[in-house]
Structures are given as C-alpha cells and as structure tokens.
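So the structure is just underneath, and the comments pick up after that.
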Amino acid sequence: MIRKLLIASATVLLTSAIGVSSAWAATHEVFMYNKNPDNKKERMVFVPALLKIELGDTVKFISKSKGHNSQSDKKAIPEGAENWKSKIGKDFEVTYTIDGTYSYYCTPHRSLGMVGLILVGDYKVNYDDVKASKQKGKAKKVFAKLYEQVEAME
Ligand SMILES: [Cu+2]
C-alpha cells in the first residue's frame, strides 16, 4: 500500500516537473535604435544584433526610437520555421520552437545595415545556408561581422 502511494506521488511530481519546464524558458530583449547608446557612431541598429538562445526561448523586439521593425528574412531561416514581420514602431515578441539560425532585418533600414542574427539551440542546422544567403550594401558588411562573432565563440 505504502509502496503504491510512493509510486503515485513520484508520478505526480514527475508530471508537474514536466508541466512547469516551459516556465524556465527565457525572454531576451533586442532594442531597436536610431543610435546605439553604446556606440553613437552606429546608426539604425538592433542591440544586440547577435543573440544566442535556447529552444523555446522568446525574443522581445523593443522599439527605443521611432520608425523601426523586425522582419525575418524568409530565405534565411530554418526549414519549417514561421516568418515574422512586426509593425513599425511597435514592440513585438517571437518564440522560437525550431532549432536554427534566423536572419532578420528592419524593413525600412535593411540597406543601412539594420540587420541581426538569432541562433536558436542547435543553430548549425542551417547556419551555412544563412551565411551563404545573398545580402547587399551595408547589410552585407554587418552580417560579415556577425558571422565573425559567431565563429569566434565556437
Ligand atoms: Cu530601422
């Protein structure tokens, strides 16, 4: 009898541990600025432009200056992942449930280099594809720096 009860309560404990596991998922913040407060020479930026997170985590894009948004690059996100596009000047949240590398940009300022990368869990599944994706102008330069940072942390 006691033994059965112990098994039953162990099952309840296990079930509740699984149930609350999503509460451990973190929320990260990416700020959208006209000028980077840490480096005033950098204009039209996501801060941080490179973010490494766990599967199930959420990223909150926060508008600190007017006129920005966040849009995924539909050609440079993992297979099966959903695209996102936020409204200009509004905060926006994305929860990442598929491993991979996500490339994104600000719709009005992509050519000015307002771009970013989010690495989710096992991000290498499509990292090379994202790195090979075609970029123009200043975006190309900013991405080159971000890829350097990614490869430096390996
Ligand atoms: Cu912008």
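Using N, Cα and C of the backbone, Cβ positions are placed for all residues, glycine too.
Unlike curated records, TrEMBL annotations are generated automatically.
Straight from TrEMBL, the features:
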BINDING   His68, Cys106, His109, Met114  Cu cation binding site
DOMAIN    39-120  domain 'Blue (type 1) copper'
SIGNAL    1-25  signal peptide
Protein Cβ atoms within 10 Å of Met114 (Cu cation binding site), excluding its own: 27
Non-site residues, in chain order, whose CB comes within 8 A of the mean position of the CB atoms of His68, Cys106, His109, Met114 at Cu cation: Met32, Met44, Val45, Phe46, Gly67, Asn69, Tyr105, Thr107, Pro108, Arg110, Leu112
Around the Cβ of His68 (Cu cation binding site), the count of other Cβ atoms that are within 10 Å: 25
Nonlocal neighbours by CB distance (under 8 Å) for His109 (Cu cation binding site), same chain, sequence gap 6 or more: Met44, Gly67, His68
Around the Cβ of Cys106 (Cu cation binding site), the count of other Cβ atoms that are within 10 Å: 23
